[in-house]
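Chemist: Okay, here's the structure, questions in a sec.
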Amino acid sequence: MYRSGTVMAWNVFRFCTALRGLGSIMILLVLGVVGVTYYAVVLTNYGPSLVSGGGILDAFIAVAVLAIFHCLLVMLLWSYFSVIFTDPGSVPQSWNPVLDEERGDTDPLTASEFGASPADPANPRIRICKKCNQLKPPRCHHCSVCGRCVLKMDHHCVWVVNCVGALNYKYFLLFLFYTFLETTVVTLALLPQFIAFFSDGEIPGTPSTLATTFLAFVFNLAFALSVLGFLIMHISLVAGNTTTIEAYEKKTTPKWRYDLGRKRNFEQVFGLDKRYWFIPAYSEEDLRRIPALHGLEYPSKPELESQDF
């Protein structure tokens with residue numbers, strides 16, 4: 001039994017190590033797809049169409065496609081690197097719960113409970129990470145890949161070599177949103193060229209440019225369809241003020257203590273300032289007024305505070 005447990009732990013360790021290494025490759029893959037797409041849209045098709053001196057309609061279409069393409073690309077990359085370089089949220093070393101926030105008790109915790117041992121059954125009210133050996137705030141989970149506890153952890157994403165948690169979840173959602181818009185625009189922009197591959201007429205361009213256009217269309221169509229599924233899933237999670245992990249944990253629970261209604265649930269992730277809703281940043285006012293954006297405190301329904309999650 002001990003040997004099988006050791007083997008399983010070793011396999012998990014090797015799997016987590018592989019995920020860390022895979023992350024860097026995935027970033028290069030994303031940048032590679034962006035490069036191929038840029039070459040196909042800007043340098044091969046719509047850039048030459050703009051400077052070739054064709055009709056007014058062709059020039060207008062080229063300007064519109066290039067303007068939308070570049071705007072979405074900037075927002076996509078801004079959101080993407082914000083997810084990568086933003087810490088998802090770590091538990092402060094000095095953090096102590098003033099109240100038992102996980103079980104909804106209104107009695108302040110005592111000093112002896114702060115130092116409770118994870119193996120001490122006399123203090124079941126406090127969540128302690130058995131791997132980090134430290135207190136866990138509400139909605140906090142341990143990431144085996146990162147090797148630490150993450151505030152309001154949603155999942156570990158190999159595409160960004162980072163966890164998605166309280167402090168970068170909005171950026172991740174914007175990355176999905178702008179990726180879907182960009183790949184959809186590119187798919188529609190390259191659709192006439194893709195259809196031309198199956199026509200009997202002669203297609204202008206060299207074999208390399210034609211191959212790049214074909215690959216860019218296929219890649220962007222595949223990404224648009226796959227990202228759409230993830231986007232719909234995360235929109236439903238935001239609407240219910242839950243995470244991927246919590247959705248699995250509470251799948252048998254009819255009501256969720258942190259579900260404050262769609263409007264307030266949305267504000268818990270995107271803030272109150274509408275000017276910042278579509279950019280990977282928060283206003284100072286929102287950071288001051290909404291504790292949930294810091295990942296340590298979350299408002300909940302009083303009648304459901306006894307839920308143990």
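Keep in mind that glycine also has a Cβ here, set from the backbone N, Cα and C atoms.
TrEMBL does not curate its annotations; it predicts them automatically.
Straight from TrEMBL, here's the annotation block:
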TRANSMEM  21-40  transmembrane segment
TRANSMEM  60-81  transmembrane segment
DOMAIN    125-250  domain 'Palmitoyltransferase DHHC'
TRANSMEM  171-198  transmembrane segment
TRANSMEM  210-232  transmembrane segment
Chemist: Please identify the stretch among 60-81, 171-198, 210-232 with the greatest number of Cβ pairs below 8 Å relative to the transmembrane segment (21-40).
Modeler: 210-232
Chemist: Grab the same-chain neighbours of the transmembrane segment (171-198) for me: Cβ-Cβ under 8 Å, and only residues 6 or more beyond its ends, written as numbers and ranges.
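Modeler: Tertiary neighbours of the transmembrane segment (171-198) are 37, 40-41, 45-46, 65, 68-69, 72-73, 75-76, 79-80, 82-83, 86, 154, 157, 160, 164, 210, 213-214, 216-217, 220-221, 223-224, 227-228, 230-231, 234, 238, 269, 278-280.
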Chemist: Over the span of the domain 'Palmitoyltransferase DHHC' (125-250), how high is the average pLDDT in this prediction?
Modeler: 92
Chemist: The transmembrane segment (60-81): which same-chain residues, six or more beyond its ends, come within Cβ distance under 8 Å?
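Modeler: Counting only partners 6 or more residues beyond its ends, the transmembrane segment (60-81) has Cβ contacts under 8 Å with 30, 34, 38, 41-42, 46-47, 49-50, 160, 171-172, 174-175, 177-179, 181-182, 185-186, 189, 278-280.
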Chemist: Per DSSP, how many helix, strand and coil residues does the domain 'Palmitoyltransferase DHHC' (125-250) have?
Modeler: 67 helix, 16 strand, 43 coil
